[in-house]
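> Have a look at this one before I ask anything.
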Amino acid sequence: MDIENTNKPDVILNKKSSKAADSKPESGKTDSKRKVVVKVSKTSAGKSKKPESSSEESSGGKASGKQVISVKKASSQSSKPAEASVKEKKPDERLEETKKTAPRFEDKKSDAPSAQNEKRSFDSAKKEEKQTERKKPTPSSIDSIDFASKRPNVKAGNLADSGRRNNRGQGNRPQRPGGQGQGQPGQGRRRESNFSGAQARAYSDGKKQGFRTGQGGQQGRPGDRPQNRPGFGGPRPGAAPAPIPVEKNKAQTNKKAHKAKKEIYNKKNKEEEFFEERLLNQKKKQKEKIHNIPKQIEIMESISVSELAKKMNLKASELIGKLMGMGMMVTMNQSIDADTATILASEYDCDVKIVSLYDETVIESKEDDLSELQPRPPVVTIMGHVDHGKTKTLDAIRSSNVIAGEFGGITQHIGAYTVNTHGGKITFLDTPGHEAFTMMRARGAEITDIVVLVVAADDGVMPQTIEAINHARDAKVPIIVAVNKVDKPEANVDKVKTRLSELGLMPEEWGGDTMFVEISALKKLGLDNLLDTILLQAEVLELKANYTCNAEGKVIESRIDHGRGVVATIIVQRGTLRTGDPYVAGIYSGRVRAIFNDRGEKIDEATPSMPVEILGLEGMPNAGDPFQVTDSERIARQISDKRQELKRFEDSRNVKKVTLDNLYETIHDGEILELKVIIKGDVQGSVEALKQSLEKLSTPEIRLNVIHASAGAINDSDVMLAAADSNALIIGFNVRPTPQAKLLADQEKVDIRKYTVIYKAVEEIQLAMEGMLSPDIKEQVIGMVEVRNTFKVPKIGKIAGCYVLEGVVKRNCAVHVIRDGIVVHSGKLSSLKRFKDDAKEVAAGFECGIGIEDFNDIQVDDQLEIIEMIQVARKLSDSEKYKAPEIKEEGTETDE
C-alpha cells in the first residue's frame with residue numbers, strides 16, 4: 001500500500017506478544033491467545049464505514065480468539081493527499097471503549113487472568129491515555145510531517161524519534177549497565193502520524209510487525225524479539241518517548257520576549273553607565289593633571305616633546321597642537337630646543353631651568369649620615385706659572401725625579417700622587433703651568449681642597465699666576481702661597497708679597513688671612529714647614545667623607561694604553577671603589593676590571609681622596625667628567641646610552657648650517673682658506689689643550705678646522721679620514737703611527753707631524769697657516785730719474801730723455817711722475833731704450849729714453865720715481881683674530 005500516493009491511508013500497527021507472555025496456566029487449563037486488531041479507516045466528511053474485522057492468521061476471526069475494534073475518524077475536506085488530520089476522541093469515551101475491548105494480560109505465575117491483573121491493565125491503559133492526551137500533536141504539527149523524508153542514521157525501531165507515543169509494546173530487553181537490552185521494543189499499536197523514515201519503511205512492507213525485525217504484538221502486549229531470540233533480562237518497558245513540542249501561548253511568548261528584551265536593555269544600560277563612568281574618571285584625571293603642572297622644570301638644551309609633556313604632566317598631543325599653532329610640525333619623538341620649550345611652558349605658567357648633560361641624567365645618591373663620616377686626607381693642587389718650580393717642589397716632597405720624564409722640562413699632564421707625612425697622607429695634584437692648559441688648571445681647582453700657589457721670587461707674579469688665583473677663587477678653596485727660589489741672589493720676597501696683596505692675597509704678617517711659606521725646591525729648604533701648613537689648613541677645614549656608600553669622584557685624565565685599553569685616572573671623593581663595581585664615567589659605562597695606585601701597584605679598593613687608575617671603560621671620558629658607581633651594570637648602561645644620545649643631539653646642533661645668507665657672505669668676502677687637522681695625543685687632557693690652542697690661530701682669511709681629536713696612536717682610520725677630507729694634516733702629540741698607518745700615509749701622501757712639546761706644535765702649525773695666506777704686495781723704489789729733454793715721435797707720443805740719478809730702471813716697472821714735489825701721474829713704463837736699442841734695465845749714471853703709457857704731458861725737470869712691486873710674506877698676527885659669525889637658526893626672524 002502506497003502511503004504517499006493515496007488520500008485514504010489505512011494504518012495498521014501490529015505487535016506480537018513475546019514468548020514470555022505465553023506462560024502455561026497453573027490449573028492445567030489453557031486459554032486461547034487473544035489478539036486485538038485495531039482498524040482505523042479515514043473517510044471524508046459526511047461519509048461513514050462499518051467497522052470491519054480482519055484476521056492475519058490462517059484460522060478465521062472468532063475461532064482464533066481475536067477481538068476487533070473499529071475506530072472511525074473523519075478527515076477534513078481540505079486535507080492534502082500526503083497529509084492527514086486526526087480528530088481525537090475525548091479521554092472519557094476512549095477510556096470506556098478501552099475497558100470494553102481491553103484484553104486480560106496473562107501472568108506467568110497465574111493459570112487464568114485474575115481480576116487484579118485485569119484491573120492493572122485498565123489502570124495502565126488509563127495512564128497511557130492520559131499521557132497521550134497530554135502529548136497529543138496539534139493539527140498544525142501533524143500537517144507538517146513529511147512522510148517521504150528519510151533520516152540516514154536512524155535505524156528501524158529507534159524510539160528516540162520525536163513525536164512517538166507511549167502506547168507501545170514492551171520487549172524483553174536485557175538489563176545491563178550499558179543500556180536497556182540490545183534493541184528497542186516493537187510497536188503494539190499503529191502510529192497515526194509523525195513517522196520517521198525508518199518507521200515508514202517498516203510499515204511500507206505491509207506486515208504487522210515492529211520497526212525492528214521482530215513481529216508486532218497485540219495491543220498492550222509485548223512483541224517477540226527478532227528471530228525468536230530470548231532476552232537476557234526480565235521484561236522491561238521501552239524507553240520514554242521524546243517530548244513533542246507543545247505550542248506556547250502568545251502571552252507566555254510575549255512575556256518571555258519582553259523579559260529577554262528587558263535583560264538586553266539592562267545590559268546596554270549597564271555598559272553605557274560603565275563607559276560614562278570611565279569617561280568621567282578620565283576627565284577628572286585630566287583636570288587633576290592640569291592642576292598638577294609644576295611651577296618649574298629642568299631641561300637640557302634640547303628635549304623631546306614626549307619628555308617635555310611627561311615633565312609637565314600633560315599629554316604629548318596637547319603640546320603638539322600648541323606647536324602646530326606656532327607653525328611647527330613635530331612628532332612626539334622629535335626634539336625641540338630650549339627656547340621653544342620655554343615658550344610652551346610659559347603658556348602653562350611654568351618656568352624652565354636649563355641644566356647640563358650630567359644634571360639631566362644625574363644619579364641620585366643617598367645623603368650622608370653624620371655618624372658614618374670619617375676623616376679623609378686633603379687634596380692639594382699645586383698651581384703657578386710655567387718654570388716657577390711646581391713640579392720640582394713636588395719632586396722634593398716625594399723625593400723623586402718626576403720632571404725628568406717630561407719633554408722640554410715642562411709638565412704637560414695633570415699628575416696625582418699620594419705622599420705619606422708625619423701628620424698623615426696628603427694627595428697632591430700637579431697641574432701644567434703653560435697657557436695652553438687652562439682647562440686642566442680649572443679642573444684641578446674644582447676637585448681640590450687646598451691650592452698651593454708657587455711663585456718664583458725672582459720672576460714675581462706672571463700671567464698664569466693671576467689665572468691660577470682666579471681659578472682658586474672660582475672654586476672657593478683656600479690658597480697657600482709658596483715663594484720658591486728664595487736661595488737666588490736676585491730673589492725679592494717682599495716684591496712678591498706686595499704684588500699678591502694687590503691681587504687680594506694679603507699675608508698673615510701684614511694682617512691678612514693668606515699663609516706665605518718661603519721654600520727652595522732645589523735645595524729642599526722649607527718643605528717641612530710647607531707640609532705642616534697644609535696639614536694645619538686641612539685640620540681647620542675638618543675634611544670628612546663617607547667610606548661605606550657607592551664610590552663617586554672625578555676623572556682627572558684618560559688615555560689609551562696599548563695592551564690595557566682605555567685607562568682613566570680618577571680621584572675618589574666619597575665612598576669606596578672596589579674591583580668589579582659597575583660605574584659610569586662621563587658618557588661611558590663599564591665595570592672596574594683592575595685598580596692601580598699612583599706607583600703602578602695593583603690594589604683591591606680605593607678610599608676617599610685617593611687617586612687611582614682604573615681599567616674597563618667602553619670609551620674614553622673627558623677630563624673633569626663625573627665618575628659614579630651604580631647598583632647594577634644594567635643601570636649604568638641605561639644612563640650611558642641616555643647621555644650618549646643627548647651628546648649626539650648637542651653635537652648635531654653645533655654643526656654649522658649653510659644658509660643662503662652665509663653663502664652670499666662667503667661669495668662677497670671671497671673664498672676662506674681652511675686648514676684641516678686631525679689631532680691624536682697620549683692623554684685626553686693634552687689633546688683638549690692642543691685643540692684649543694690651535695683653534696685660536698684662525699683668522700678672517702684662514703680658518704683651522706679640527707675634524708677629529710682623540711687620545712691614542714695614529715691608526716689606519718685616521719689616515720683614511722685625512723686622505724678623504726682634502727689631505728688633512730695629522731698631528732701626533734706624544735704618539736706614533738702604527739706600521740700599517742705609516743705605510744698607508746706614504747701611499748696616500750698624507751702628512752703626519754709628530755711633536756712632544758705643545759708650544760712647538762703650535763708654532764709649526766702657525767707657520768703652515770701663514771704659508772697658505774696670499775702675500776702682501778708692497779711698492780719698493782728701485783731708481784730715481786731726472787727728465788732733461790722731451791721728443792715727439794709720430795704714432796708713439798712724447799718720449800723723455802732722462803738721466804738715471806740712482807738705482808736702476810727696469811722695463812715694465814711702475815713710475816710716479818713728480819713735479820714740484822707733487823705726484824702728477826702714476827703709471828707704467830711703456831718703453832725703455834738706450835740710444836736706439838731697447839733695454840731691459842739701465843743702471844745709475846747712464847742716459848736713456850723712457851715712454852709712459854697714456855701720458856704725454858711730461859716736461860723737463862720732472863722727477864720720475866721708478867717703483868717695483870714685491871711680495872712680502874704675511875703673518876697671522878698682522879690680521880685681526882678670527883671671530884666666528886653667529887649662526888642664524890632656522891625659524892628666527894631678523895630685523896630689517
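Here the Cβ of each residue, glycine as well, is placed from N, Cα and C on the backbone.
According to Swiss-Prot, the feature region 'Disordered' maps to 1-260, 877-896. For 19-34, 85-136, the entry in Swiss-Prot reads compositional bias 'Basic and acidic residues'. What Swiss-Prot lists as compositional bias 'Low complexity' is 56-66, 168-177. Residues or ranges marked as domain 'tr-type G' by Swiss-Prot: 375-544. The region 'G1' feature in Swiss-Prot is assigned to 384-391; the stated evidence is similarity to another entry. Annotation source Swiss-Prot lists GTP binding site at 384-391, 430-434, 484-487, citing sequence analysis. Taken from Swiss-Prot, the feature region 'G2' applies to 409-413. Taken from Swiss-Prot, the feature region 'G3' covers 430-433. Taken from Swiss-Prot, the feature region 'G4' applies to 484-487.
Looking at the shown structure, can you explain where the listed features end up?
For Asp387 (GTP binding site), the number of other Cβ atoms no farther than 10 Å from its own Cβ, over all displayed protein chains, is 15.
If one looks beyond the region 'G4' (484-487) by at least 6 residues along the same chain, the residues whose Cβ comes under 8 Å of a Cβ in the stretch are 388-389, 392-393, 454-458, 493, 518-523, 525-526.
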> Within 10 Å of each Cβ, count the other Cβ atoms, then let me know which of the binding-site residues Gly384, Lys390, Val486 comes out lowest.
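Sparsest of the binding-site residues Gly384, Lys390, Val486 by Cβ contacts within 10 Å: Val486.
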> Mind looking up the mean pLDDT for the region 'G2' (409-413) in the predicted model?
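Summing pLDDT over the region 'G2' (409-413) and dividing by its length gives 45.
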> Could you break down the residues of the region 'G4' (484-487) into DSSP helix, strand and coil, giving a count for each?
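Each residue of the region 'G4' (484-487) counted once, the result is 0 helix, 1 strand, 3 coil.
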